[in-house]
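The Zn(2+) binding site annotation in Swiss-Prot covers Cys29, Cys214, His239, Glu243. Swiss-Prot lists 31-41 with the feature motif ''HIGH' region'. Taken from Swiss-Prot, the feature region 'Disordered' covers 164-201. As annotated by Swiss-Prot, compositional bias 'Basic and acidic residues' applies to 172-184. The annotation motif ''KMSKS' region' is assigned in Swiss-Prot to 270-274. According to Swiss-Prot, the feature ATP binding site maps to Lys273, an assignment based on sequence analysis.
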Amino acid sequence: MTLHLHDSAAGAVREFAPLVPGQVGIYVCGATPQGSPHLGHVRAQVVFDVLRRWLVRSGYEVTLVRNVTDIDDKILAKAAEAGTEWWAHAYRFEREFSAAYAALGVLPPTVEPRATGHVPEMVELIQRLVERGHAYAAADGSGDVYFDVRSWPAYGELTHQRLDDMEPAADADPRGKRDPRDFALWKGAKPGEPATASWATPWGRGRPGWHLECSAMAGRYLGPRFDVHGGGLDLRFPHHENEQAQSRAAGDGFANFWLHNHFVTMSGEKMSKSLGNVLGVPHLLETHRAVVLRYYLVSGHYRTHLEHSENSLVEAEAAYSRLEGLLRRAAERLGGLAAGEVPAAFAAAMDDDLATPTALAVLHETARAGNSALAAGDEAALRTAAGQLRAGLDVLGLDPFAEPWASQTTGSDAARTALDVLVRARLEDRATARATKDFATADAVRDSLKSAGIVIEDTPTGARWALEGEQ
């Protein structure tokens, strides 16, 4: 089976074929670092990290570009409220986002451009649009430059909307616009704004519009046409619609596929700062393992909303621990464990529009087969099942023997180590009792451990233990 992905522009699942055989270019909208990252922010990056890993596993060379919108109206406003320089404010939260991505095992992008480092490319793109009759400088002398939506008949094709049904663009004062739906390519500097937040252009000093930034950076690093543009569902309109319109109006083919992940929700509502229902990533990592947080984020299909409740991460911890536990017991029994090939059913699920819930179900079934092989002492079957499990978890960024998880010592890991010491001491007491035929004491030890949720497995090489539900 070949990879099929849902293309938002087509409104359907299509067979994926890269523009250049063997190579895939992906642009993912990154952070606007105005505040700390929350669970909804990082879902998008985990989703496209999984896509990247699956493409690499499938033999492609992947270039992934993830931008940083480090100049924006919201950044200027937040920095002014905090009494800090706008660039310092942006950099502070950019580092928080980078730390959150790294904590969740998101691979570094091939390129991570900042908007402020690509103003010349943005000015050049505006000039092309002006020359082609698709952009104009505001007549009020504000220094604003707008995209003329009525000059581009295909405007609205990405989101399947008619122009006359759209709301006015709220990114600038409408007084200088020919049509209220025209959107800003360049924003003229305004009184009271920091001088450092503007650049000289043929239209006066100012700063780039949000939509223009991504088009210019995507073109700079991926060329005029590339394979996949990704981002959250909330970016489809107006951001991605505007990106596509301005890029194609300038003569670029732009993205061949558009992929959009859905939201993390709480009580059915999108997680957002404006609603005050966000769960900050740094806060969550104080009480939960990062790998469990990632497991939770990949447990739902990327095109469905992921409902979060107080039990979500508890359930994710239990589910991941079952997979992790089998791998650790297999590695102990086999003296090490190499990744094998992913199960065929896992590959089929991933090729079916990244059906990660189905892929995880396959891995849990594989783990059950591994546990059966372990109990039966069938090391060949154990090696096969555990190797397949490890390979599948690696695609999802969840392999406990790979970085960043292999080198982490979390509070949960430390607790597991301490528990292991205590249980092994009790198992030694049980072994001594059995050796002296004191079976009453041996049974009492076993029963006390069982009542604590610890299951004992007697093997030819000695007793082993697991938490109930892991075996």
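Using the three backbone atoms N, Cα and C, a Cβ is placed for every residue, glycine included.
Distribution of Swiss-Prot features across the structure.
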residue: Cys29; record: Zn(2+) binding site; Cβ within 10 Å: 23
residue: Cys214; record: Zn(2+) binding site; Cβ within 10 Å: 28
residue: His239; record: Zn(2+) binding site; Cβ within 10 Å: 17
residue: Glu243; record: Zn(2+) binding site; Cβ within 10 Å: 27
residue: Lys273; record: ATP binding site; Cβ within 10 Å: 13
Subject >> Secondary structure content of the motif ''HIGH' region' (31-41), with strand meaning DSSP E or B >> reply: 3 helix, 1 strand, 7 coil
Original post:
So what's near the motif ''KMSKS' region' (270-274) in sequence-distant terms, Cβ-Cβ under 8 Å and 6+ beyond its ends?
Top reply: 35, 38-40, 234, 263-264, 305, 308
Original post:
Same chain, outside the motif ''HIGH' region' (31-41) by at least 6, Cβ under 8 Å from its Cβ: which residues?
Top reply: 68-70, 72, 74-75, 78, 89-94, 96-97, 100, 210, 232, 263-264, 270-273, 278-282, 284, 293, 297, 308
Original post:
By DSSP, what is the split of the region 'Disordered' (164-201) into helix, strand and coil residues?
Top reply: 8 helix, 7 strand, 23 coil
Original post:
When you average the Cβ positions of Cys29, Cys214, His239, Glu243 for the Zn(2+) site, which other residues in that chain have a Cβ within 8 Å of that mean position?
Top reply: Trp210, His211, Glu213, Ser215, His229, Gly231, Leu235, His240, Asn242
Subject >> Rounded Cα-Cα span from Cys29 (Zn(2+) binding site) to Lys273 (ATP binding site), Å >> reply: 18
Original post:
Which whole number is the mean pLDDT over the motif ''KMSKS' region' (270-274)?
Top reply: 77
Original post:
In which DSSP state, out of helix, strand and coil, do we find Cys214 (Zn(2+) binding site)?
Top reply: helix
Original post:
Taking DSSP states H, G and I as helix and E and B as strand, how many residues of the motif ''KMSKS' region' (270-274) are helix, strand and coil?
Top reply: 2 helix, 1 strand, 2 coil
